[in-house]
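Look at TrEMBL and you will find 561-580 tagged as DNA-binding region. What TrEMBL records for G214, S215, A216, G217, T218, G219, K220, S221 is ATP binding site. Annotation source TrEMBL lists domain 'AAA+ ATPase' at 206-424. TrEMBL lists 151-189 with the feature region 'Disordered'.
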Amino acid sequence: MDGGESFLSCAVNMEWMTPQGSIIRKVNYKTASLRLIRNEFREMYMEISSEKNAAIRLALKGINVFKKFMAEGKASIKFQEAGCTLFVSNAPPTNLVSFLRTIFVKMTGDKEQTSNPSKQTMRAKLLSGKAQSFEEISPVTVADIHSAKTKIPKSSVTTPSPPSKKRKAEDMTRGPAPKKLYSPSPLTATSSLNTEQQRVLEACLSGKNIFFTGSAGTGKSFLLKRIVAALPPDVTVPTASTGVAACHVGGTTLHAFAGIGDGSGSLENLCERAMKIPLVAQKWRKCKHLIIDEISMVDGTFFEKLEAVARYVRRNDKPFGGIQLILCGDFLQLPPVVEKGKTGKRFCFQSPCWDKCIELCFELKEVHRQKDQEFISILNSIRIGRVTKEISDRLLGTARQKIESDGILATILCSHTNDSKTINDTKLKDLDGDAKVFSSQDSDNSTKLLDMQTIAPSKLVLKVGAQVMLLKNINVNAGLVNGARGVVVKFEEGFPVVRFKNKKEYTARTERWYVKNANGSLLCRRQIPLNLAWAFSIHKSQGLTLDCVEMSLSKIFEAGQAYVALSRAQSLDTLRVLDFDSRHVWADPGVLEFYQKFRRRVQQMEIIPLGRPLADKTNKKGKLREILEKQMRRK
Ligand SMILES: Nc1ncnc2c1ncn2[C@@H]1O[C@H](COP(=O)(O)OP(=O)(O)OP(=O)(O)O)[C@@H](O)[C@H]1O
Ligand SMILES: [Mg+2]
């Protein structure tokens, strides 16, 4: 378990006020360090320091913490005694949660001790002879947390929640709901990363440019969300090549961020265009960490142009203008969609700037999506285009198996988007009963953008009997997760009631999706978290985990497309392959070659033991790693 941090790096604004409410002093540090310390009487203080200014110390007594926007790296702390309010921003959300948790846990412990006067007097006596001094507070122990959780009323360090109606209105403009300090969210549930994922996270925090890959379901996107939460939000841009994938990691599409349209035209024009639009140039200059999921679908020429635009706009000759790149994806899944007649580099790694940009590479090996070893090895074979007779037979053997249960039909994965649309429209029309229309409520004039960037449709038509898919994690423990399959059984108070595969019933009420627009402000879509699920295109399914799928692979037209379709399933028992021919399965030869070289590079890196800070030049192993990385870069 994460022990809690006593140090935080962030931006701060501080305001001192008179009891009447007039401001008497203001302090503003763009980069500040907050430290939790104790004096000789074991009283807790927060020390706020910046590079050029003397440290300010405030007693942590009678404080109020407002943590509603922790997920965005923001919080405020009111120090009642000092009459000062500290506004924290741009803090890595995971660190902020951990820091606030430490305050909460330690203050709780202190309150208990104060209520035991004999202990306090003893300590005071023992310590009274010492000179005035401050020391770091000790790390939070599991026992500390347990005691804080069980003994102290929740209200002691909390944000008062506004009444629900007011909250709804605020959410449309202000952002996601508050995160609880102990809720299992990407912010707090850091412990579930496995060793290989943890190693990538460490590397990302060292500031190096990273590419990590791995077969479908190895937790690349899962890890990416943790990486995003561990970086300062104001300067971190999470993106993905497609809208669905971007939604999956809580970001925008790479195209929407880049602000250079589809990247067509000369580089000079694109650079000028990016410079001319102030909001675009500003975004590029502000960004310090650019994160891209599903990198396999980013066109190599576009990537190359982006790299040059970044250098130009930021007036910095380092690769990508000095922005830290964190890229992830699997090149053996879907390639970029290249318009007919268009030539150019296909994959990002085929661009000469790839090697200049990427400093460290990792491959995740443990598959989390599937548990069954037989299915995992079939998928691994298919991934590299190798199909044996046994594999064909095993997959064809699923053609007649019954995977429907309780009226929930399998989702048909189609190679062409139009096919999936036709199937959904026809099946809905065929159902008896009244159709109910759910129209989304969107932030002003943003419907088009939200259509591209969120998974939720602007118009959803449902009937009793409609096959649907859940578009949000509603309750992970109850299996109500993104991609879960169900059927509409009735409408109650105007909302659809859905029965899921695990027999759980859930009334789908309005949920919210947020995306950032060009100037960084949040846009919101409110809609029922469902979509029709008789059919889905394979391209739209990339990145998703689906629980009951059927596919016909005869119209496959891309390398990796069959692999993407098959690897969405969680097991052979929840999969039906209607037709299968080894000719439908192939891997791009250029990608296979790339992975051969890639493995050699990764193997060299693995000589160095796990768990060492990569950029730590003060220890010998850190130095060794630096030297090895330099050698690899030269190669
Ligand atoms: N460390 C982990 N512990 C538990 N579950 C995990 C872990 N990592 C990933 N998962 C789960 O495994 C499933 C697949 O993860 P994810 O979608 O991130 O894989 P991916 O590598 O991005 O796959 P794809 O290549 O298909 O996009 C998800 O349900 C995710 O929650
Ligand atoms: Mg993914």
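Using N, Cα and C of the backbone, Cβ positions are placed for all residues, glycine too.
Structure coloured by features recorded in TrEMBL.
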{"residue": "G214", "record": "ATP binding site", "Cβ within 10 Å": "21"}
{"residue": "S215", "record": "ATP binding site", "Cβ within 10 Å": "23"}
{"residue": "A216", "record": "ATP binding site", "Cβ within 10 Å": "23"}
{"residue": "G217", "record": "ATP binding site", "Cβ within 10 Å": "22"}
{"residue": "T218", "record": "ATP binding site", "Cβ within 10 Å": "22"}
{"residue": "G219", "record": "ATP binding site", "Cβ within 10 Å": "21"}
{"residue": "K220", "record": "ATP binding site", "Cβ within 10 Å": "24"}
{"residue": "S221", "record": "ATP binding site", "Cβ within 10 Å": "19"}
Going by DSSP, is S221 (ATP binding site) part of a helix, a strand, or coil? helix
Short question: which residues 6 or more past the ends of the DNA-binding region (561-580) have a Cβ under 8 Å from it? 215-217, 332-334, 369-372, 374-375, 378-379, 382-383, 392, 394-396, 398-401, 403, 410, 413, 415, 538, 541-542, 544-554, 587
For a three-state summary based on DSSP, what are the helix, strand and coil counts in the DNA-binding region (561-580)? 9 helix, 6 strand, 5 coil
Taking the binding-site residues S215, A216, G217, K220, S221, which residues show a Cβ-atom distance to ligand 1 below 6 Å? A216, G217, K220, S221
Taking the centroid of the Cβ atoms of G214, S215, A216, G217, T218, G219, K220, S221 as the ATP site, which other residues of that chain lie with their Cβ within 8 Å of it, listed in sequence order? F222, D330, L364, V367, H368, R369
So which binding-site residues out of G214, A216, G217, T218, S221 are up against ligand 2, CB under 6 A? S221
Mean per-residue pLDDT in the domain 'AAA+ ATPase' (206-424) works out to 91
Tell me the coarse DSSP state (helix, strand, coil) of G214 (ATP binding site). strand
